[in-house]
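Student: Supplied in structure tokens, the structure appears directly below.
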Amino acid sequence: MLEPNADHRAAVAQAAGVAASRITLTVMLDEWAGADARRRAVADTVCALATGCASLAAAIAEGPLAGDLARTLSSGEAGEGQKALDVISNDIVIGALKAAPVAAVASEENDAPVLLDPTAPLLVAIDPLDGSSNIDTDISVGTIFAVFPRPEGADASEPSAFLQNGRDMLAAGYVIYGPHTAMMLTLGAGTWHFALDRAGLFRLVDAEVKVKEGAAEFAINMSNYHHWDVPVRDYVDDCLAGKKGPRERDFNMRWVASMVADAHRIFQRGGIYLYPGDGRKGYTHGRLRLLYEAFPVAFLMEQASGSATDGRGAILDLSATGLHQRVPFIFGSRDEVARVSRYHLEPNGHGERSPLFARRGLFI
């Protein structure tokens with residue numbers, strides 16, 4: 001094996017020094033929380049999640065050396081195959097939250113809330129491993145979470161405790177496990193970007209994340225084109241028409257089948273993500289979960305000057321009606337999200353059903 005030369009060693013040392021000089025997540029949270037009891041509880045919960053996600057990053061990095069992490073063990077709550085790594089991820093994050101002031105956890109991997117400390121002030125809704133269909137292909141996966149207050153007098157073991165409005169969230173974020181492990185976090189005053197260092201600490205990359213406008217990228221699963229409602233088709237058709245179409249510019253399409261990966265790209269480059277409801281059985285109201293997928297990503301987007309909608313209004317204006325409720329979900333650059341909303345809301349003869357909700361309409 002070739003020995004690194006002096007220039008290489010110097011570059012590595014410099015990079016390590018730059019990383020070490022960056023403020024840590026723990027310090028940021030301590031400064032934010034101060035002496036406020038609720039903020040302290042939120043900070044402790046986010047720190048616990050960060051610790052769990054750092055452990056999960058190490059487990060994911062083992063890949064096939066740790067066995068067949070992509071093997072299907074059972075059918076989860078959603079009726080989808082529950083992978084071995086789904087179960088491992090769930091155990092890790094819930095285990096980490098046992099040290100936090102959390103009353104209960106609503107996880108994609110559990111039918112009912114997992115009770116931790118019934119008297120604690122907070123609730124956590126979480127997707128421990130978003131994009132698990134990508135495990136065996138070594139494509140980025142992630143963890144998505146939302147922190148809510150426990151309503152006064154609420155039984156945290158009951159799903160009803162979690163059925164809150166999106167504006168009730170106290171914090172939200174995701175961790176993406178890719179070429180490097182990164183976290184996006186909001187506490188309601190902007191969106192912060194952190195990266196995990198080799199010592200297992202999340203260090204600040206950007207405290208003022210902003211979603212760019214004017215990007216010419218959209219993310220949608222084009223294989224479902226013939227199932228979409230007319231407004232969704234029209235939006236995509238206009239993008240695909242390129243410079244000769246009404247948009248007068250060329251667009252690129254992206255689709256990772258891991259919402260965290262698509263969201264992270266949008267935070268870096270702008271653009272839009274669409275997962276509408278469609279005409280297939282089980283897809284009428286979309287596929288993504290409101291509590292632990294749409295709510296937290298929408299919170300992050302809005303705090304970074306982006307936008308998120310179900311096609312009729314802001315995602316964060318919704319109130320959850322079920323622990324695993326599904327919702328059509330569009331998010332990204334504010335200008336593009338507004339355009340898609342106009343395609344659905346303006347009376348221009350687009351289709352016969354309610355926005356994004358397949359042929360039956362939302363309330364039928």
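Note that Cβ sites are derived from N, Cα and C of the backbone, with glycine treated the same way.
Copied straight from Swiss-Prot:
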- Glu108, Asp127, Leu129: Mg(2+) 1 binding site (BINDING)
- Asp127, Asp130, Glu293: Mg(2+) 2 binding site (BINDING)
- Asp130, Gly131, Ser132, Ser133, Asn221, Tyr273, Leu274, Tyr275: substrate binding site (BINDING)
Student: Roughly how many Å separate the Cα of Gly131 (substrate binding site) from that of Glu293 (Mg(2+) 2 binding site), to the nearest whole number?
Tutor: 11
Student: Let me know how many other Cβ atoms fall within 10 Å of the Cβ of Glu108 (Mg(2+) 1 binding site).
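Tutor: Taking every protein chain into account, the count is 26.
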Student: Using a 10 Å cut-off on Cβ-Cβ distances across all protein chains shown, tell me which of the binding-site residues (Leu129, Leu274) has the largest neighbour count.
Tutor: Leu129
Student: Under DSSP, is Tyr273 (substrate binding site) helix, strand or coil?
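Tutor: Reduced to three states, the DSSP call for Tyr273 (substrate binding site) is strand.
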Student: Name, in the order they occur in the sequence, the residues of the same chain whose CB lies under 8 A from the CB of Asn221 (substrate binding site) and which sit 6 or more residues away.
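Tutor: Sequence-distant Cβ neighbours: Trp255, Ala257, Tyr275.
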Student: Can you tell me the CA-to-CA distance separating Glu108 (Mg(2+) 1 binding site) and Tyr273 (substrate binding site), as a whole number of Å?
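Tutor: With the alpha carbons as reference points, the distance is 21 Å.
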Student: Within a 10 Å radius of its Cβ, which of these binding-site residues (Ser132, Ser133) has the fewest neighbouring Cβ atoms?
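Tutor: Across Ser132, Ser133, these binding-site residues, the one with fewest Cβ atoms within 10 Å is Ser133.
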Student: If you take the centroid of the Cβ atoms of Asp127, Asp130, Glu293, the listed Mg(2+) 2 site, which other residues of that chain have their Cβ within 8 Å of it?
Tutor: Glu108, Ile126, Leu129, Gly142, Thr143, Ile144, Tyr174, Met259, Val260, Leu288, Arg289, Tyr292
Student: So, three-state DSSP: helix, strand or coil for Leu129 (Mg(2+) 1 binding site)?
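Tutor: In three-state terms, Leu129 (Mg(2+) 1 binding site) counts as strand.
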Student: Including all protein chains displayed, how many Cβ atoms other than that of Tyr275 (substrate binding site) lie within 10 Å of its Cβ?
Tutor: 24
Student: Rounded to a whole angstrom, what is the C-alpha distance between Asp130 (Mg(2+) 2 binding site) and Tyr273 (substrate binding site)?
Tutor: 15
Student: If you skip the near sequence neighbours and keep only those at least six away, which residues in the chain come within under 8 angstroms of Glu293 (Mg(2+) 2 binding site), Cβ to Cβ?
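Tutor: Once residues fewer than 6 apart are set aside, Glu293 (Mg(2+) 2 binding site) is near Asp127, Asp130, Ile144, Met259, Phe329.
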Student: What number of additional C-beta atoms lies within 10 angstroms of the C-beta atom of Asp127 (Mg(2+) 1 binding site)?
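Tutor: So the number of other Cβ atoms within 10 Å of Asp127 (Mg(2+) 1 binding site) is 29.
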Student: Taking the Cα atoms as reference points, how far is Leu274 (substrate binding site) from Leu129 (Mg(2+) 1 binding site) in Å?
Tutor: 20
